[in-house]
Amino acid sequence: MVLNWRFALSADEQRLVREIISAATEFDEVSPVGEQVLRELGYDRTEHLLVTDSRPYAPIIGYLNLSSPRDAGVAMAELVVHPRERRRGVGAAMVRAALAKTGGRNRFWAHGTLASARATASVLGLVPVRELVQMQRSLRTIPDPMVPDQLGVWVRTYVGTVDDAELLRVNNAAFAGHPEQGGWTATQLAERRSEPWFDPAGLFLAFGDSSSNQPGKLLGFHWTKVHAAHPGLGEVYVLGVDPSAQGRGLGQMLTSIGIASLAQRLVGPSAEPTVMLYVESDNVAAARTYERLGFTTYSVDTAYALARIDD
């Protein structure tokens, strides 16, 4: 096999990589990469590793995306091997190549923590360093949304770029130091707004009301998402509360409002309406809040790294 690092992919290479990701998703019933990797295929902000057979004009059989470290973090890699090309060492070869490029200082996401990923990690001396839990619940029967004014806030939906500065402020304060969600820029927000699934009516903003000590200030938000490729599936995409307003129940209130909105949009005869979300496995308080709202664990994504990396 031949491994080639690229700073950018051609349009044809992007198409072929997407086809491999689609084939793996259908085969494993879980996407091998996160949405950010799909977003980065058309840019040169990350590094791309392509694997082909050694014969001329051979098709791409494996792909790895390597993102640069953010702040004091480490580089993150996500990879996929075409289902027809597995058990040939392709995945292990890509992992070794990424470790060689970063001096061993990167992590690897294993979405769904499949048996094959666990086996490869064990052989290469990688250990779990982070777990992201996907939780789900049915939208058939949901509790009534909480009343905002009982918490000293009023809620409206996103009206446009006039909201962006405050949205970024709260997001970056709520997720300070978070490897994916923290440190967003206006460009990153605009990219997500340009996604086909974006619906301003599904982005809820909570402001301090006249009775609060922070009138008119954005205190939290709940960004919901409808998965067009999966009928009936919605997501608590981002839920952020300003640290100055935490501990008041705003997160639970915003969650209940967003879930009620998703239920209205998704309940129908064609599919079982479901809402999903992600939570860090060590965020016990958040997990308990979601459990009280009826969520249960659906799957776990695991980040692996060499045993010596514990930061």
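A Cβ is built for glycine as well, from the same backbone N, Cα and C atoms used for every other residue.
Per Swiss-Prot, the features are:
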BINDING   Leu79, Val80, Val81  acetyl-CoA 1 binding site
BINDING   239-241, 246-252, 283-288  acetyl-CoA 2 binding site
DOMAIN    155-311  domain 'N-acetyltransferase'
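Swiss-Prot feature annotations superimposed on the structure.
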{"residue": "Leu79", "record": "acetyl-CoA 1 binding site", "DSSP (3 states)": "strand"}
{"residue": "Leu239", "record": "acetyl-CoA 2 binding site", "DSSP (3 states)": "strand"}
{"residue": "Gly247", "record": "acetyl-CoA 2 binding site", "DSSP (3 states)": "coil"}
{"residue": "Asn283", "record": "acetyl-CoA 2 binding site", "DSSP (3 states)": "coil"}
Within 10 Å of the Cβ of Val81 (acetyl-CoA 1 binding site), how many other Cβ atoms can be counted across all chains shown? 26
Between the Cα atoms of Gly247 (acetyl-CoA 2 binding site) and Leu79 (acetyl-CoA 1 binding site), find the distance and write it as a whole number of Å. 38
List, in sequence order, the same-chain residues at least six positions removed whose CB sits under 8 Å from that of Gly249 (acetyl-CoA 2 binding site)? Met146, Leu151
On the 0 to 100 scale, where does the mean pLDDT of the domain 'N-acetyltransferase' (155-311) fall? 91
Remaining residues near the recorded acetyl-CoA 1 site, that is with C-beta within 8 Å of the centroid of the site residues Leu79, Val80, Val81: Ile20, Ala24, Pro32, Gly62, Tyr63, Leu64, His82, Val90, Gly91, Met94
State the Cα to Cα distance, in Å, between Leu239 (acetyl-CoA 2 binding site) and Leu79 (acetyl-CoA 1 binding site), rounded to an integer. 27
Taking each of the binding-site residues Gly247, Gly251 in turn and counting other Cβ atoms within 10 Å of its Cβ, which one has the fewest? Gly247
If you draw a 10 Å sphere around the Cβ of Val80 (acetyl-CoA 1 binding site), how many other Cβ atoms fall inside it, taking every protein chain shown into account? 26
So among the binding-site residues Leu79, Leu239, Val241, Ala287, who's got the most Cβ atoms within 10 Å? Leu79
If you count the other Cβ atoms within 10 Å of each Cβ, which of the binding-site residues Asn283, Ala285 comes out on top? Asn283
